[in-house]
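Undergrad: According to Swiss-Prot, the protein has these features:
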- 1-30: signal peptide (SIGNAL)
- 44-166: domain 'G8' (DOMAIN)
- N119: N-linked glycosylation site (CARBOHYD)
- N165: N-linked glycosylation site (CARBOHYD)
- 176-317: domain 'GG-type lectin 1' (DOMAIN)
- N312: N-linked glycosylation site (CARBOHYD)
- N370: N-linked glycosylation site (CARBOHYD)
- N420: N-linked glycosylation site (CARBOHYD)
- 572-594: repeat 'PbH1 1' (REPEAT)
- 595-617: repeat 'PbH1 2' (REPEAT)
- 719-741: repeat 'PbH1 3' (REPEAT)
- 798-819: repeat 'PbH1 4' (REPEAT)
- N889: N-linked glycosylation site (CARBOHYD)
- N921: N-linked glycosylation site (CARBOHYD)
- 1227-1361: domain 'GG-type lectin 2' (DOMAIN)
Amino acid sequence: MGAAGRQDFLFKAMLTISWLTLTCFPGATSTVAAGCPDQSPELQPWNPGHDQDHHVHIGQGKTLLLTSSATVYSIHISEGGKLVIKDHDEPIVLRTRHILIDNGGELHAGSALCPFQGNFTIILYGRADEGIQPDPYYGLKYIGVGKGGALELHGQKKLSWTFLNKTLHPGGMAEGGYFFERSWGHRGVIVHVIDPKSGTVIHSDRFDTYRSKKESERLVQYLNAVPDGRILSVAVNDEGSRNLDDMARKAMTKLGSKHFLHLGFRHPWSFLTVKGNPSSSVEDHIEYHGHRGSAAARVFKLFQTEHGEYFNVSLSSEWVQDVEWTEWFDHDKVSQTKGGEKISDLWKAHPGKICNRPIDIQATTMDGVNLSTEVVYKKGQDYRFACYDRGRACRSYRVRFLCGKPVRPKLTVTIDTNVNSTILNLEDNVQSWKPGDTLVIASTDYSMYQAEEFQVLPCRSCAPNQVKVAGKPMYLHIGEEIDGVDMRAEVGLLSRNIIVMGEMEDKCYPYRNHICNFFDFDTFGGHIKFALGFKAAHLEGTELKHMGQQLVGQYPIHFHLAGDVDERGGYDPPTYIRDLSIHHTFSRCVTVHGSNGLLIKDVVGYNSLGHCFFTEDGPEERNTFDHCLGLLVKSGTLLPSDRDSKMCKMITEDSYPGYIPKPRQDCNAVSTFWMANPNNNLINCAAAGSEETGFWFIFHHVPTGPSVGMYSPGYSEHIPLGKFYNNRAHSNYRAGMIIDNGVKTTEASAKDKRPFLSIISARYSPHQDADPLKPREPAIIRHFIAYKNQDHGAWLRGGDVWLDSCRFADNGIGLTLASGGTFPYDDGSKQEIKNSLFVGESGNVGTEMMDNRIWGPGGLDHSGRTLPIGQNFPIRGIQLYDGPINIQNCTFRKFVALEGRHTSALAFRLNNAWQSCPHNNVTGIAFEDVPITSRVFFGEPGPWFNQLDMDGDKTSVFHDVDGSVSEYPGSYLTKNDNWLVRHPDCINVPDWRGAICSGCYAQMYIQAYKTSNLRMKIIKNDFPSHPLYLEGALTRSTHYQQYQPVVTLQKGYTIHWDQTAPAELAIWLINFNKGDWIRVGLCYPRGTTFSILSDVHNRLLKQTSKTGVFVRTLQMDKVEQSYPGRSHYYWDEDSGLLFLKLKAQNEREKFAFCSMKGCERIKIKALIPKNAGVSDCTATAYPKFTERAVVDVPMPKKLFGSQLKTKDHFLEVKMESSKQHFFHLWNDFAYIEVDGKKYPSSEDGIQVVVIDGNQGRVVSHTSFRNSILQGIPWQLFNYVATIPDNSIVLMASKGRYVSRGPWTRVLEKLGADRGLKLKEQMAFVGFKGSFRPIWVTLDTEDHKAKIFQVVPIPVVKKKKL
């Protein structure tokens, strides 16, 4: 007996036992009713007929059994009344305006132990504009379950949703049947013999009738041996006519061919027939068009199997011309020729790179924006082309050409056993899905609109985990793990045998302001609402469609202020909704409002308006969303967070007059799972496509709406996160997941004109019992998968937010962990991710569509693929931001930068004004298929990065604890031009636009009061020629400004301003350990007097304690001396600098920004003379206070050999050429060092070291004396000419070398800029090859030239975008 048979037997046995119990024990009636409610003998058959004016009241103990379809005005079940639906073969449709169940009333269709097996539909009808007075609580078109009411809907047990287990390709080509394709190397006549009963290939063979006449004889013998009735598929690949004899030609003619008799050289020819039935033949033939022209002969024929199913045989014999785009060519001149650019001119400029007759031309701006092109023809050939930018001739642009390759042969045989149908291979047993059921397959690309619906067909040959569906997929739907990430498409069941649906009009009508401006369809559907005190609510196996209204409170399923609905509320069994499909809804899917403990399990929400799974006011807790699927979630009009940009701008009735909408800030937040309280459980859920976000945890500082007062302010921001594991998010625009932001909990006013519940700022910091004075309790996110989200895989702001064993792939930005722009909101907390995988560009390339604007090259193979945002968008794995962050034991895979697209595994937030913590730690990182040049990118001015001149852009830094990123354990990686953290031994990484340094680092947080438009200049005393300019993080409309540079400890600094110095200033010591110090000189106008004190500020308790004062000293040395409560400042009025030593006095926790006692601050009040000028003391400060640059913390040794985990690695290159002064003598000093091995120079002139760019080995080193450089420079030219391509060439001068003359042109050949002028000292890293790497560097100065940098090995040219 099969599984289904056993289930039927057990079900019948249970019913038999129930009836025996009823017969022997009459008191057991209630037990039977609970098992199969329609079998109770108390029920009275009821058939009210069809009367739209009939107001039905079922009460006073009436128990009715609805046995047939009916139409009534309304139904009210109360006072112990009960309506039960008869379970039999005849479908029952109950059509009514509304159903109200309260005061002991009950409605039953099936039960948990006896699921309803027939078909039952409730249709809620009516328009909003009929003049009918809506119920003040329930409205119109509803099923209302009030106090004492019970609603029990229990449909058939069916699998709710599962995963695709085999990839579906567009058109279904790879889903069953047979596919055969050959090109070169498979010449001749190809024959397939096909069984007409099943469509399977019985045998196939190849006959090389080009090579030998014996092959013709063998072909005839083969065809004669095939029994009549078999299907023959015959075609030529490449060439088959040269030794094709008459016997073979006649044999094919006998089978029904008309063209084989005259087959010529390389003619494409295809033929299908049934042996013994020449009239069944189909045939195609075409002559060969030469090596530059495509030609194809194609046939197909439909056959029917013995089971009545159809299969299609397709056959093609072709000469195919493949095409490819050339590289991009930069063009920076406006055409001076009338009629456009001559293509011949480009041929000359780029010989061998452009074909003679391009098929197509593309042009873009230098930033990648598409431009219009026009091809002008002359005598049938491409003669000129013109480029236009908004109607004008382009000035500076890039152009490329589509060129055809020589043709190649191609033979294809396809047998499609699923004609206009597709077999789905699924993870689970889906035998509960029946013919006629509707399924939806989720998108596995960036666009959620690639979700597709299919109808199940009968399939006798399907396995238990297979179904046949009508039609073919339009899009690629992944059904496998790709690059370590489970990207399988979700497949949801939409059909159920119990249906609750709204009756809809054909088009939109204006029952609410603006509604028809946004929707062209009727959105006034039905809804189900549960009120406080309902008796029971259990819904399963039910389909809800056309439900919800664009009115607040009218949702498909709505638990409204119901309180505790589980055991805590006295419900046994606890309330649940499970195994539901809620689709094509007009306002959400499931709303939990002021209700706790609800189980929402195995629910599919599809094609909804507004947040799908929605918690409303903030106090909703302990609800569990288990194995729920939401997809195709679109914007709605109800709340600002539901609205898209158009709605946000048009719907302003709930705002204060004068409000100017900012859609991306105030609105644009529609989400599949909208969690207004973190203390809810999300397990095994999938957010498979929303206009904005998959999972969004949002915070209500105080409860809103009717829930006002249910918790104290700030409770939701501190409550620990419920269970969150095994969830997945993809095909969303903004993010797969967000923990951040709040909603505005006050009405619109003159002070804040934004509408109630607009999106605002909020911070999450989970603590035990939601008490910030109790220990922190981290929010744990485990086994989360985020892929194909256009912007972010996840944006998570904390507090302690920790991720473990997560997977991110194909997101614009995989993950951003944020804390606070100035401080972590919860000081001492951290954000962490460990044991996780990030994939930049996976094997899921998506589907190219005609209107897909974001398609372009990518991945390791540079093939076409869908892209997240723009062709040149800098894809990033983890975006470092704020801090402190810990990244541990993570793997990065397939991040490959292109020339024009700065893809990287690790990077920083773009256009960042905020702080960057030097204690952002990275350890245990592994890279797979990530070139070492693409591991990190600090940014550069250009598209997406803009000018890279915001404060956070300039101060980016992180700690490479074990060297797994940089190969330098314990190093700090920083932007290459941040001289506040650099020292003389830092090593540049040009590919990253960064530097590898060592040291002890912290931050200063400087607040300048009563001003917001000052630009601050800070200088480290040992590098006075390299200031750092900070604009301030805040807008110019604030009453103060703040600056937060990362600084090297135990160093001296000066601070200057572009206007008069601020009269009030506070300096906070951030990330200082006890005893850490810096010395600061602040520029003020002469005549200024000061009042300076120190204090400790406890941000949590908002308490400040004064700890001391600074008194003036006339001796600079005394600044170094301090005593408890008393320190010194030195006012050097000549230079205009106020000197202070800032030293931390208290211990600090590991991840805290401030000490355990609070934040240590120094406050300065300055009485500044009126009309004082600009406070920039640089000219008087230096060289007076210049300090010698020293390395306090030695650079770590680079990892080598077996310590490295990847084949590519960095080669360390150090070069110095300088004059060193010893007493009264000057000594010339020069050397080249490669990976720790020095090559000193002994003679004046040029030293040269050549390195193999593939292996990183030094292959030669020599020197050229001045006499050679000056007299016989061709020796150097000849030497360079013999250097193999792909070689790194290092050069350093020594002594008074010849810095001018013909020999310097060698530098240009090795990548130096043309027209260079050398000074007295020179160091150069060059490259001999066909391209110029970014790391080619020339340093030339009068006294010292120095290059410390790394070069990637092997040297590989980046592919162009």
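Heads up, the Cβ atoms here are built off N, Cα and C, so glycines get one too.
Describe the structural context of these features.
TA: In terms of DSSP helix, strand and coil, the domain 'G8' (44-166) has 0 helix, 55 strand, 68 coil.
Within the same chain, residues at least six positions away from N119 (N-linked glycosylation site) with a Cβ under 8 Å of its Cβ are P91, I92, N497, I498, I499.
Sequence-distant neighbours of N165 (N-linked glycosylation site) (same chain, 6+ residues apart, CB-CB distance under 8 A): N425, L426, E427, N465, G479, E480, R488.
DSSP assignment over the domain 'GG-type lectin 1' (176-317) gives 26 helix, 61 strand, 55 coil.
Other C-beta atoms found within 10 angstroms of the C-beta of N312 (N-linked glycosylation site) number 17, with every protein chain shown included.
In sequence order, A470, G471, K472 constitute the residues six or more apart from N420 (N-linked glycosylation site) in its chain with CB-CB distances below 8 Å.
Under 8 Å from some Cβ of the repeat 'PbH1 1' (572-594) lie the Cβ atoms of residues 112, 155, 157-158, 160, 440, 492-496, 502, 523-525, 527, 536-551, 554-563, 565-566, 600-617, 619-620, 623, 630, 636, 638, 705-707, 710, all in the same chain and six or more residues away from its ends.
Residues 160-161, 440, 451, 492-494, 519, 523, 548, 550, 555, 559-569, 574-589, 623-639, 641-642, 670-677, 680, 690, 700, 703-707, 710 of the same chain sit 6 or more residues outside the repeat 'PbH1 2' (595-617) yet have a Cβ under 8 Å from a Cβ within it.
Secondary structure of the repeat 'PbH1 3' (719-741), assigned with DSSP and counted as helix (H, G, I), strand (E, B) and coil, comes to 0 helix, 12 strand, 11 coil.
Taken together, the residues in the repeat 'PbH1 4' (798-819) have a mean pLDDT of 97 on the 0 to 100 scale.
Counting Cβ atoms from all protein chains shown, N889 (N-linked glycosylation site) has 15 others lying within 10 Å of its own Cβ. In the three-state DSSP scheme, N889 (N-linked glycosylation site) is classed as coil.
Non-local neighbourhood of N921 (N-linked glycosylation site): P884, I885, N886, I887, Q888, F958, H959, V961, each in the same chain, at least six residues away, with C-beta under 8 Å from its C-beta.
For the domain 'GG-type lectin 2' (1227-1361), residue counts in helix, strand and coil come to 23 helix, 60 strand, 52 coil, using DSSP.
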Undergrad: So if I exclude everything within five residues of the ends of the repeat 'PbH1 4' (798-819), which remaining residues of that chain have a CB under 8 angstroms from its CBs? That is, six or more out.
TA: 446, 482-487, 736, 739-740, 763-766, 776-792, 825-826, 829-842, 844, 868-869, 873, 875-879, 881-885, 909
Undergrad: List the helix, strand and coil residue totals of the repeat 'PbH1 4' (798-819) as derived from DSSP.
TA: 0 helix, 13 strand, 9 coil
Undergrad: Provide, as an integer number of angstrom, the distance between the C-alpha atoms of N889 (N-linked glycosylation site) and N312 (N-linked glycosylation site).
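TA: If we compare the Cα positions of N889 (N-linked glycosylation site) and N312 (N-linked glycosylation site), the gap is 51 Å.
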